[in-house]
């Protein structure tokens, strides 16, 4: 009997699985919000040099605020006050003559800056004056966060494979919330950047672990539905966050507001089961039997577990692993695993690079940033809902390769559309974003079905690492390559489409349990195992000649 057969007998998508799916859905809410946090707390509002010191000397005693700015700060080409320079001394003649002589000496801001607080009460830039020469530091926090996410994915992938899914999920929830809340007490930018790194490092475990748990507990025919629902948790966070940010305009309280919901995830963690597949693969059959019995009772199939004994579960996964602990090196030890690791790694890196690259370069809808972010999240709903039909109709491989192909075509079309035709460019960019979302939704489910149970968490950790590497590099494309960024993204998408086509189809197939399943050598192991059992039975049944 295979594990899928046992799971089907106790109902592979009953009340038990739905509760687990619901808990994990809301448990990763904070992660999605933290991914977008930098878009709001790293904003640099309009600013100009502070002239408060001149007020102290009563130089401007009879001048209005507008007149004070006129004589103190030069005007830029767009008519706004300069952000980083001021006159070396007040130019009172400008009150009668609006033209500013070119020979007037300018100096950098001497006493800090004054900020426009009409949209934000405070941001990182206003907190630590991250403007002018320090302007890049404000956005750097987003890159630092994603670097933390990148290394955290690799770490939690390995740790959850060694110590189990459930305990590491709790560690991720508690540390992620802890570092997120601690970052609000930062007294310097360096302190905040360090805590932001550890927030990303620890909180990422919640998504890669919960995704695996969802897939490992459902039957074959429901995996695609679970994959789509799983991805909609990101959409829920992406649509909810701008609403939260709209009412909380102070960066410290906004960080607190998106970190505290993890308390709910910690409380509901007690109802999250360990993966029975992982328990069986690691020889803990008694614990696996406990969770399978619990699942059967909740799904009203308790009669099935009467005939299932803990010792029989060990036969579901035939492996010679003993007490061996698997590591990332096992991803490349055997030929087919090595090929699988290479292909999925390239696909994950490309999907993330293209998806985030489009998000960072997509044209504005002419709306304010809160509504724009909400629309970006809403766009994902039709893309992911249609993905459910595509996965069922065409399978994983065609959907993955096809979505990447259409992303590349969309980017290619946008290269040749003139920039002044912003409506056409926006429509094509939105379509490209929809295909990129479909590609992301597919690769998460696809990869979890490709890797064997003993290496599934390591594989997802490795792939997530490369995905976050792509997320870190995506915003740099526009900065360093400018107009060529769209060409680069187009090329990456088209190459990834060809790579994804080389992956095997997994629709309606059992999840692989061991490396032998992937390599195609498990049948021999099963035959040897059955042969050994038959020999033992024959030996036991031989008549005793002395009797």
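Even glycines carry a Cβ here, placed using N, Cα and C.
Because TrEMBL annotations are produced automatically, they should be read as predictions rather than curated entries.
Between the stretches 398-417, 458-477, 518-537, TrEMBL puts its transmembrane segment entry on 398-417. When the ranges 340-358, 359-377, 378-396 are checked against TrEMBL, the one recorded as transmembrane segment is 340-358. Here TrEMBL gives transmembrane segment for one range in the set 111-128, 201-218, 273-290: that range is 201-218. Note on TrEMBL: of 144-163, 304-323, the range annotated with the feature transmembrane segment is 144-163. Among residues of the same chain six or more beyond the transmembrane segment (253-272), those with a C-beta under 8 A of the stretch's C-beta atoms are 19-20, 23-24, 26-30, 33-34, 37, 40-41, 166, 169-170, 173-174, 176-177, 180-181, 183-184, 206, 213, 241, 244-245. Non-local neighbours of the transmembrane segment (201-218) in the same chain are 7, 12-13, 16-17, 20-21, 24, 27-28, 30-31, 34, 148-149, 151-153, 155-157, 159-160, 165-166, 168-169, 171-173, 175-180, 226-227, 230, 265, 272-273, 275-278, 295, 444-445, 448-449, 453, 456-457, 460-461, 464, 468, 511; each lies 6+ residues outside the stretch with a CB under 8 Å from one of its CB atoms.
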